Amino acid sequence: MKKITIMGGGAWGSTLGQVLTDNQHQVLIYDNNETYINKINNQQHPIFDLSLQKIVATNDLEKSLNFADIIVLCIPAQNMRTFLQQINPLLKKPKSFINASKGIETKSNKMIFQITKEEIDPDKLKNYASLLGPSHAEEVILRRITFLLSASDDKAFSEKIVEIFSNPHYLKIHPSDDVMGSELCSAFKNALSLASGVLDNEDFQTNAKAAFISLGIIEMKKVLEILDMKTDIVLGLSGLGDFIVTAFNENSRNYQAGKKIRLGMDLNDIYANSFQTIEGVNNLKVFYELSIEKNIALPIIQSTYQVVFEKKPLENILSKILETK
């Protein structure tokens, strides 16, 4: 049994807490949302109408850091740097960090792997890995069969995560050494999932959806190539797998945000009415700017950006996709 601290007690953080508890580990969740803390301490999932077992939550950051040598990060990508800056001076000894968030920081265009390396002192960062892949918290909390990826440049640590998180009844973890590629694919699929929501209407049926997924994977591969990363990751769990589970899926917050944009809802109103972070909008901006900087054609990304940020007509995306060679 290991002691593990989870930073962030929202949908995914609390669900991973239950996975770890199922695996006989001792879990402490940190959050600054008093409603979440009270629900968790009363054995209730803070987001879903389901129970949790043997998990404790607190708003005491220092206590959370001292509780365990393994820290799971379930902090939104846009808040990650500030949070890491906050905890760095509080770390009294080296910790192993597991990132379970998907996204890229918009102000720097950097991935969470890079942000962590920048903000946690080298002598306090024992290991780093990302736990990614096709996973809706709604299914994992019900113990539905799920496959995830443990990506780390430290093979032993990646295999340790496999051992800690894998559950023989419903959760399989595969190790990988491609951290950067895995994190980039996970962020890119956020933008594609947003686009799928914008596009999804009565004319966009199974044939078109299949083509959209194929074209999206081609664009994902282009980005990896232009950044000199390995491209085989696109067909793995953090690429194609995560894309399929979020594109055109009602449980996907990015897909839902895209649908609301299609119906004319303002971005600020979408944010105000969502209890979960919508990284797809931020990531769309990042990859659009990258396409301009590197002069690469990303028709789905570029046309969706024009609809979301420049208020171009929805037909703009369809025409760009139909023009794809």
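Placement of Cβ uses the backbone N, Cα and C atoms for every residue, glycine included.
TrEMBL does not curate its annotations; it predicts them automatically.
Taken straight from TrEMBL:
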- 3-157: domain 'Glycerol-3-phosphate dehydrogenase NAD-dependent N-terminal' (DOMAIN)
- Gly8, Gly9, Gly10, Ala11, Trp12, Gly13, Ala137, Arg253: NAD(+) binding site (BINDING)
- Trp12, Lys102, Ala137, Arg253, Glu279: NADPH binding site (BINDING)
- Lys102, Gly133, Ser135, Lys189, Asp242, Ser252, Arg253, Asn254: sn-glycerol 3-phosphate binding site (BINDING)
- Lys102, Arg253, Asn254: substrate binding site (BINDING)
- 178-318: domain 'Glycerol-3-phosphate dehydrogenase NAD-dependent C-terminal' (DOMAIN)
- Lys189: active site, proton acceptor (ACT_SITE)
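Cα separation, Gly133 (sn-glycerol 3-phosphate binding site) to Glu279 (NADPH binding site), rounded: 15 Å. Closest to Lys102 (NADPH binding site) by Cα-Cα distance, out of the binding-site residues Gly10, Ala137, Lys189, Asn254, is Lys189. There are 28 other CB atoms within 10 A of the CB of Asn254 (sn-glycerol 3-phosphate binding site), with all protein chains counted.
All protein chains included, Ser135 (sn-glycerol 3-phosphate binding site) registers 25 other Cβ atoms within 10 Å of its own Cβ.
If you take the Cα of Asn254 (sn-glycerol 3-phosphate binding site) and the Cα of Glu279 (NADPH binding site), they are about 7 angstrom apart, rounded to a whole number. Annotation for the binding-site residues Gly8, Gly9, Gly10, Gly13: lowest Cβ count within 10 Å of the residue's own Cβ, Gly10. Of all Cα pairs drawn from Gly8, Gly9, Gly10, Ala11, Trp12, Gly13, Ala137, Arg253, which the record names as binding NAD(+), the longest spans 17 Å.
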